[in-house]
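All remarks here apply to the structure that follows.
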Amino acid sequence: MLETVRWITAEGNVLAGFEEGVPLLPGKLRIIDQTRLPQELVYLELDDVDEIVAAIRRLSVRGAPAIGCAAALGLAACAQHLEEKELLEKAQEIADQLAASRPTAVNLFWALERCLSHLTRCDKATAEELVREGLAILEEDIQMCRAIGSHGAPLIKEGMGVLTHCNAGALATGDFGTALSPMYVAHTAGRKFTVYSDETRPLNQGSRLTAWELQRAGIDVVTICDNMAAQVMKEGRIDLIIVGSDRIAANGDAANKIGTYGLAVLAKHHGIPFYVAAPTSTIDSSLATGDLIPIEIRDPAEVGAAEGVRVYNPAFDVTPNELISGIITEGGLHRPPYGFA
Ligand SMILES: CSC[C@H]1O[C@H](OP(=O)(O)O)[C@H](O)[C@@H]1O
């Protein structure tokens, strides 16, 4: 278990789901600061919207489901400082600030919208109601990730080499992860396999986070540089690829960390099955195709180029549905043609 996103009450109760009788306010959004991993496991406890936005922007908390969970509980943490009479109006303003933190992961917008609409349906709009809804979103995410694990685990056979990109593990979700969840389930079932984890430049979520997660779990993991993936496939070391996603369009086109599209093209060339794992909260049915998915362009400084040299730093790319062998959600393994109405 990794307490990526939790609610911590003033009494120090760490909550993933709602517990009757536990005082919810005053409380704070508690996250693992992923910028400090793998050297240090440090928690941040936040209840200020500017600090929460900054934490999402610098990837202290990251990964589509984790960002959604953090935004929901972050909204609640900020709302507890509001007067009840102004809560509905100010909660919308806080949600707008949180929504402006990153553009690609649809879970961010889905979670905020769900919390605000919950508030309008309540007899009385209170911060405690926002905590309850945020904890419901978190608990549902954890269960969705567990279900993804059970649906995806049969793909991982004894002795396989499994390649993954970036981090779509427990750290990117409420717990268990999406792409890594089938690996955890297969490992628990006693199957032996090796995970090849792309370092995933420029922020190295793979070498820093995925390798750390899998090593902690006792799963055999090999870190490779991104530019080694083709050779590793050519050498026959990879039997299966499973990646996460930040937003999936109605036709199954999937946005994920930059470099994923290239892996899908290589997988096609080498005849390697390529799967995307994501909860249905990552599906954006309002977008017909993946070219409509907004792609975050991040700070050039992250790339570490020579002073004064121009840098292009898109954080995501889109894999067309025809390159995706299957999409694993909590509802099961979807095969093409995809149609997420
Ligand atoms: C389970 S969503 C994980 C997804 O999010 C990551 O992006 P970032 O690290 O920038 O938040 C990456 O695309 C992962 O596959």
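In case you wondered, yes, glycine gets a Cβ from its N, Cα and C as well.
Among the features that TrEMBL reports, substrate binding site is placed at ARG62, GLY63, ALA64, ARG102, GLN205, ASN256, LYS257. Sequence-distant contacts (6 or more apart, same chain, Cβ under 8 Å) of LYS257 (substrate binding site) comprise HIS165, CYS166, THR200, GLN205, VAL243, GLY244, ASP246, ALA315, PHE316, ASP317.
Secondary structure at CYS166 (site 'Transition state stabilizer'), as computed by DSSP, is coil. Residue environment of CYS166 (site 'Transition state stabilizer') contains 29 other Cβ atoms, counted within 10 Å of its Cβ in all protein chains. What TrEMBL lists as site 'Transition state stabilizer' is CYS166.
Per TrEMBL, active site, proton donor is recorded for ASP246. Cβ neighbour count for ASP246 (active site, proton donor) (all protein chains, 10 Å cutoff from its Cβ): 33.
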Query - Other CB atoms, at most 10 A from the CB of ASN256 (substrate binding site) - result: 29
Report task. Within the same chain, and leaving aside ARG62, GLY63, ALA64, ARG102, GLN205, ASN256, LYS257, name every residue whose CB is within 8 angstroms of the centroid of the CB atoms belonging to the recorded substrate site, in sequence order. Result -> LEU59, ILE67, THR104, ALA105, CYS166, ASN167, ALA168, ALA172, GLY244, ASP246, ALA315, PHE316
Query raised in the report: Considering all pairs of residues in ARG62, GLY63, ALA64, ARG102, GLN205, ASN256, LYS257, annotated in the record as contacting substrate, what is the maximal C-alpha distance expressed in whole angstrom?
Result: 17
Query - Annotated recorded positions ALA64, ARG102, CYS166, GLN205, ASP246, filtered by Cβ under 6 Å to ligand 1 - result: ALA64, CYS166, GLN205, ASP246
**Report entry** Those residues of the chain, 6+ apart, with a Cβ under 8 Å from that of ARG102 (substrate binding site)
**Finding:** ILE56, ARG57, ILE67, LEU108, GLU296
